[in-house]
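I have placed the structure first, in the form of structure tokens, so that the comments after it can refer back to it.
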Amino acid sequence: MTLVVGLTGSIATGKSTISNMFVQWGVPVIDADKISREVVQVGEEAYEQIVATFGRQVLHEDGALNREALGNIVFKDEAERKKLNNIMHPQIRKRMLQKRDQYVVNKEPLVVMDIPLLFESELFHYVDQVLVVYVDPDIQLDRLTKRDEVSADKALERINSQIPITEKRDRADAIVNNGGSVEESEEQLKAILKQWGIEINT
Ligand SMILES: CC(C)(COP(=O)(O)OP(=O)(O)OC[C@H]1O[C@@H](n2cnc3c(N)ncnc32)[C@H](O)[C@@H]1O)[C@@H](O)C(=O)NCCC(=O)NCCS
Ligand SMILES: Nc1ncnc2c1ncn2[C@@H]1O[C@H](COP(=O)(O)OP(=O)(O)OP(=O)(O)O)[C@@H](O)[C@H]1O
């Protein structure tokens, strides 16, 4: 039996920080953000659809996707964001499920699906347990502005394009409160896994 954990949160709450812990323990992680970069490589179906929909303004001179330009369009306009999601999400989901099913066939005891938009896209049925990485909204804003070196306005555009982290926390099967140190989060994570019957020896 494979336990499939959906790892989620909201932007800059610490999903990558927690997902790195799993990677270090040798647990397979399926990373939706990473797959979202694969499906927009030049020549891929989603890439062609993005160019047809948004025009060459979202490309660099060499033809590669200009992520900043596309982000500037979609994070301030829900209709544009929906267009992009409709192009990309089916491709991302297909690849995520292929990977998950392969791990299940291989009888991995634990597989993590790191899906930032698990709640927004209602992908609960992909996973057995939903683990939310939470920080208070003021910490989220502070970490995002510092990490991405962006203004509070720009950061809030992205934060507000997602379901509030407080709501996700209330709907989670388990929560890591990542507002303290990384070590404290690691201890919380180990305790949750223990409850789910998974012992991590480090
Ligand atoms: C618009 C794009 C090109 C901007 O790229 P950029 O390198 O600046 O951001 P990156 O992809 O690293 O995403 C960072 C974070 O932004 C948030 N985010 C990304 N896309 C979305 C979206 N469509 N809606 C809400 N939040 C999003 C997520 O929290 C994600 O972890 C990119 O985010 C994208 O292709 N988005 C559409 C695909 C998608 O939904 N990806 C996120 C989950 S799979
Ligand atoms: N416990 C912590 N204490 C201090 N800083 C932290 C902690 N956890 C994460 N950070 C920092 O906060 C920022 C956001 O963390 P991280 O990149 O892991 O979030 P994320 O949820 O994966 O973001 P995204 O949604 O953009 O992929 C990073 O700069 C990271 O180094």
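Heads up, residue numbers simply count up from 1 along the chain you see.
Placement of Cβ uses the backbone N, Cα and C atoms for every residue, glycine included.
From a predicted model like this one, the values you see are computed outputs, not experimental measurements.
The feature ATP binding site is assigned by TrEMBL to Ala12, Thr13, Gly14, Lys15, Ser16, Thr17.
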Exercise for review: Quick one: among the binding-site residues Thr13, Ser16, Thr17, which has the most Cβ atoms sitting within 10 Å of its own Cβ?
Suggested key: Thr13
Point to revise | Spatial neighbours of Ala12 (ATP binding site) that are distant in sequence (at least 6 apart) but have CB under 8 A | key: Gln140, Arg143, Leu144, Arg147, Asp148, Ala155
Practice item. Would you identify the secondary structure of Lys15 (ATP binding site) according to DSSP, in three states? Key: helix
Study note, to complete from the structure: Within 8 Å of the Cβ centroid of Ala12, Thr13, Gly14, Lys15, Ser16, Thr17, the other same-chain residues by Cβ around the recorded ATP site are Gly9, Ile18, Val133, Asn178
Review point. Near the Cβ of Gly14 (ATP binding site), how many other Cβ atoms are there if near means within 10 Å?
Key: 22
Revision key, fill the gap. Counting every protein chain shown, other Cβ atoms within 10 Å of the Cβ of Lys15 (ATP binding site) number 24
